[in-house]
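> Sharing a structure with you now.
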Amino acid sequence: MDNTTNFSDLGNSTPGTMVLSTSERVGVSVMYLVILILSIGGNGGLIVAVTRSKSLQTRDNAFVVCLSVANLMTGLSLPWSVVGLLSSEGWPLTTEVPCQLAGHCLIISFGANLYSLAGIAINRVLIIVASPSTYQEWWTPAKVAVMVTVAWVLPFLTVLIPPLLSVGTVGYDENDHTCSFVGRDQNGHGYQLALTMVFYPIPIVSIIVSYVVIFVTIQHNFRHQKKQCAAAPSQPCDFSWGAGRESRKSHVKRQELHITLNLFINVCVVFLLNLPYGIALVLPDHHRVVLFSSLVFLMHSFVHPILYGFRHPQFNRAFRRMLHLTRGPRSPIGSAQQHSLQIPSITQL
């Protein structure tokens, strides 16, 4: 059976139908496998680093681990799509259950990824802007557990409920040969639109507002301290974090500013990779755009551990120790215990 497509015939295909050539299907399969390997290696390594380092086992890193689990889940859902892409006779197995499970896992992990990024942003704004008492009140282990649960339950319900109401399905798509959305009719578009509306607005607004507040606070503090230094040039300048009445009373170091910028870059990169796919989902009859933009979207599953592993000082040290690139004792358990009783500085983000 010749799967090579004559692209002059694509314009004659029925609306909502997409035909892939053999080379395209092989190319997409190879990309999926590369993403799978990088996702398992990067996110698996980050999770292992947290389990091995007591200093990383803090409630501030709860959403970092949550994000890595979501990314790992994304990568592990790809092999079944590769099976579908490389099969010339449709879905090769007698049951579509593996493909359906993979499709559900892929979409749920996507939503959990975005809500985890929002959780990280909220954590940063509480640490930098809020008073110590406010931070202790809002970022308790119980409340963090509730937020992490919501980050997973909300995508799960959004993926599961519409098909139960006969609005879209998830499984093997005979048009693009992957395990994801099924159906090019109005119900299918309604399902994609529902996912887009639940997955994007809340995390995007939360992240934008959080980082705007963070950088406005930083700018305000520097201006305030600069005026104090100018008013009393003979006195040493103590540039400190804080907002309102209470100050962090910790020196602003170059490393701290570097970490803040790194976290912002991490969020920007992930959202830039997610944005084309999110836009493609709401475009009518642009299914090729959806498939190929998904390759860009899936890259977020390994970008996060790379940014943390190479640019974040604490995770960088943990990765290097795991790979035996540096010598030295592990972080003491007491540091984690002390951290749980004190407001963490920005270097612990």
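Residue numbers in this text run from 1 along the chain shown.
Glycine residues also receive a Cβ, built from the backbone N, Cα and C atoms like all the rest.
Pasting the relevant annotations from TrEMBL:
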TRANSMEM  30-50  transmembrane segment
DOMAIN    42-308  domain 'G-protein coupled receptors family 1 profile'
TRANSMEM  62-81  transmembrane segment
TRANSMEM  101-123  transmembrane segment
TRANSMEM  144-165  transmembrane segment
TRANSMEM  198-218  transmembrane segment
TRANSMEM  263-283  transmembrane segment
TRANSMEM  289-310  transmembrane segment
REGION    330-349  region 'Disordered'
COMPBIAS  334-349  compositional bias 'Polar residues'
> Grab the same-chain neighbours of the transmembrane segment (144-165) for me: Cβ-Cβ under 8 Å, and only residues 6 or more beyond its ends, written as numbers and ranges.
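Result: 59, 62-63, 66, 104, 107-112, 115-116, 118-119, 122, 190-191, 194-195, 198-199.
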> Using a Cβ cut-off of under 8 Å, list the residues of the same chain at least 6 residues beyond the transmembrane segment (198-218) that approach it.
110-111, 114-115, 117-118, 121-122, 124-125, 128-129, 154-155, 158, 243, 260, 264, 267, 271, 278
> Taking only the residues in the domain 'G-protein coupled receptors family 1 profile' (42-308), give me the average pLDDT of this model.
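The predicted confidence over the domain 'G-protein coupled receptors family 1 profile' (42-308), as a mean pLDDT, is 83.
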